Amino acid sequence: MPPYVCSCPPGFNPPRCDRNYACASNPCQHGTCEEFYTHYRCTCHDGWQGIRCNIVVNCGHPGSVTNGNVIGNRFLYGDTVYFTCDTHYVPVGQTSAHCQGNGQWSTSKPVCLFGNTCQSNPCQNGGTCINSVEQHECLCTEGWTGEICETDISPPRVDFCPRDQDVTALNNTETVSWQTPIFSDFRNETVHVSSNYAGNKGTFPWGQYDVQYTATKPFNGLRSSCEFTIRVYPRPCPPLAPPAHGALACNGWITRLGRVCKTFCQQGWTLPRGQENKLSQLYVCGAHGTWLPSATIPCSARSTGVDEVTGYFPGNCTRRDAINSIKAQYLAALRHSSFSQICTSWHDLCSEDNVEVTCGEN
């Protein structure tokens, strides 16, 4: 130990007062002091800068926002600014930013885009406008399409279409009239109407006829149609009584166009003497609604039943084998008669399932 003692000024330390301790005076106001032999260095805390860490970080003005504003006039470390958009504009991005310790804002400015795209009412023909950024969407009403609902895609409207008609013709033909169908367009545009019959009436023979009207919109080519059916029938035939001790077989299909029937006798019974040959005749009712012959002949005469095959049936009329025999004989006679068209024109219907059998009194 030296034989002397040094009294050192501030910043210098014993024993010889020859070393300057720069950090002893706490020069770094907002940082950490690092000591070197001849100097010191400050490491600043976030938000501070300068040799002595005594200058607060300044991020500077973030810049203006097109179609918007910057709210706030302090731009130092820890300060926050806010971004707003003008009326009818919407922000895309963050609406606030704070000044960071590195001198940078925490986020970039937002972009203000036009958001009230429906302001000009762009959607036509009753369409509903949906706002979207820099664009809009139109929800079109029924019958319209397109970007602004400008394209008509609706066919003509059917306001009235006649119902089907069933008509009885007293003669071979009948004149039938109907109300003219009505078409319209909700834009009150003209529609063109055509029909497969001229006018609103026609003369029809017996049968079924389809009437069709077609309406077309010239400006989009779309169509609507009205269709109805006219059925012309002969006068209805009155009931024909089956013969006593016998049966009556008739066509059970297309009955409104006419009836063709045949009588049968139960074995052991036959027609009166001298009329036996009439068992093979057909009873016909046509357009005028009258039967020819006008009435059936009863199977009122007893017989031996021997050789009674054609025109006769075994046992009681209600038995299944008797009914099957009657139906088969009836179809055979019908197909070989002058009324065979009932079978040839309606081949699928001309079957035993569709033959009607009525039993007479015993």
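Every residue gets a Cβ built from N, Cα and C, even glycine.
No curator has checked TrEMBL annotations; they are predicted automatically.
For C17, the disulfide partner named by TrEMBL among C8, C28 is C8.
Here TrEMBL annotates a disulfide bond for C23; of C6, C33, the partner residue is C33. Reduced to three states, the DSSP call for C33 (disulfide bond) is strand. Cα distances from C112 (disulfide bond) to the disulfide-bonded residues C33, C53, C140 are smallest for C140. In the three-state DSSP reading, C85 (disulfide bond) counts as strand. Note on C23 (disulfide bond): other Cβ atoms within 10 Å of its Cβ, all shown chains, come to 16.
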